[in-house]
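Structure, as structure tokens:
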Amino acid sequence: MGIVAVLGVISPFPFYYWLWNWPQSWVHLCGKERDPSKVMAHVAHFLKLLQFFSLFSVSHFYWPPPFYFWPFFAFGQFLNFRVYQLLGEAGTYYGVRFGKTIPWVTEFPFGVIQDPQYVGSILSLLACLCWVPFQYILLWVLGYLFMIHVESKEDQSTRAKPLR
């Protein structure tokens, strides 16, 4: 079960890497009639479910969780919801890489926390250390750190052109 759980935990990261580096191929795959950010969101949600099922398969739950769970999980989810609230679906799901114009946002947490969506997700994962073996949380966090690194370098010439 461990190898299956590992594969489930890392499953989204090659997809995100491909989309970030070759967005035009995704736009062509989606075609003219479908919004590439919306389709990416659907695929990302499916991959997130695989990640969650993978973690659940190796978890041992008990109640109540330790005290640190609540602030880590609450602040992590706050950051994730705030990023989505400010950027919307297109901003959260690589809209700028697919040729969309995303407004520049300077409201909290932007300008205060670099990559707040990943920081929020990492905090939420760390909150679950009481239930999930460390190596699976570490692997998922390393995936987020990898994506922070990948997304820190954008070649604007590789942005996708919308299909007409």
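Positions of Cβ are set from backbone N, Cα and C atoms, glycine also.
In sequence order, no residues are near ASP155 (S-adenosyl-L-methionine binding site), counting only same-chain partners six or more apart with C-beta under 8 A. What TrEMBL lists as S-adenosyl-L-methionine binding site is ALA74, PHE75, GLY76, GLU154, ASP155.
Applying DSSP to the topological domain 'Cytoplasmic' (153-164) sorts its residues as follows: 3 helix, 0 strand, 9 coil. Marked as topological domain 'Cytoplasmic' by TrEMBL: 153-164.
Per the record's binding annotation for S-adenosyl-L-methionine, residues ALA74, PHE75, GLY76, GLU154, ASP155 show a top Cα-Cα distance of 35 Å. Shown in sequence order, VAL119, GLY120, SER121, ILE122, LEU123, SER124, LEU125, LEU126, ALA127 are the residues of the chain, 6+ apart in sequence, with a C-beta less than 8 angstroms from the C-beta of GLY76 (S-adenosyl-L-methionine binding site). Scoring each of the binding-site residues (ALA74, PHE75, GLU154) by how many neighbouring Cβ atoms lie within 10 Å, the top position goes to PHE75.
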